[in-house]
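Notes to accompany the following structure.
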Amino acid sequence: MINLLFAVIAYLIGSVSFAVVVSKVMGLPDPHSYGSGNPGATNVLRTGNKKAAIFTLIGDALKGLAAVLLAKHFGPAYGVDETGIALVALAVFLGHLFPLYHRFAGGKGVATAAGILFAIDPILGAGTLATWLIIAFFFRYSSLAALISAIFAPFFYVLMNGVDIMAGAILVISVLLIARHRANIAKLLAGKESRIGEKKKV
């Protein structure tokens with residue numbers, strides 16, 4: 001029961017959409033109303049406001065990081081076990097994808113997933129981030145970098161820790177992240193996906 005309680009709290013944390021919050025605070029349009037319609041840092045950047053995009057990126061990553069770290073450090077004292085920590089990781093990610101506060105219209109989860117991975121294991125997070133940076137540098141597609149990183153993340157974890165409940169949670173997160181990039185996959189295959197640095201009008 002305590003595992004589920006912590007998972008619910010994590011979901012509520014994940015439901016805070018920093019793209020929406022930052023946009024409101026900085027007087028920008030609702031990120032659902034322009035570009036890809038995705039409430040994430042990449043879409044916010046299409047307004048031309050780099051600070052807003054950076055704040056969005058940091059906020060989305062920090063909520064994933066904070067939810068898992070808090071559960072890891074304080075949860076055991078209340079009876080939260082490894083299954084509970086895995087549920088928290090999955091729940092905060094689901095909160096980002098389907099936010100309660102924003103009519104369940106959430107983002108794709110790249111930054112939040114990164115925060116979760118760093119909280120689980122800094123080496124895992126760094127390895128996955130390095131994968132993203134390498135793919136992004138050579139191919140200039142943010143979406144492709146995210147997809148490849150999502151594929152490798154579960155393997156990195158298993159190589160380091162073996163197969164356990166957290167490996168299952170990371171696998172589910174990766175599958176969900178890939179599923180959220182369906183439109184990007186179609187554009188990549190059609191050669192129509194935007195490269196990093198290309199600007200789109202809001």
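Cβ from N, Cα, C; glycine included.
Annotated in Swiss-Prot:
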{"type": "TRANSMEM", "residues": "2-22", "note": "transmembrane segment"}
{"type": "TRANSMEM", "residues": "51-71", "note": "transmembrane segment"}
{"type": "TRANSMEM", "residues": "80-100", "note": "transmembrane segment"}
{"type": "TRANSMEM", "residues": "116-136", "note": "transmembrane segment"}
{"type": "TRANSMEM", "residues": "137-157", "note": "transmembrane segment"}
{"type": "TRANSMEM", "residues": "158-178", "note": "transmembrane segment"}
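For the transmembrane segment (2-22), same-chain residues at least 6 beyond its ends with a Cβ under 8 Å from one of its own Cβ atoms are 28, 30-32, 39-41, 43-44, 52, 55-56, 58-60, 63-64, 66-68, 71, 75, 78-81, 83-84, 87-96, 98-102, 106-107, 112. Within its own chain, the transmembrane segment (137-157) is flanked in space by residues 42, 108, 110, 113, 117, 120-121, 124, 127-129, 131, 166-167, 170-171, 173-174, 177-178, 181, 184-185, 187-188, 193, 195-197, which lie at least six positions past its ends and keep a Cβ under 8 Å from the stretch. Packing against the transmembrane segment (158-178) from elsewhere in the chain are residues 82-83, 85-87, 89-90, 93-94, 97, 108-110, 113, 116-117, 120-121, 123-124, 146-147, 150-151, 185: each is 6 or more residues past its ends and has a CB under 8 Å from a CB in it.
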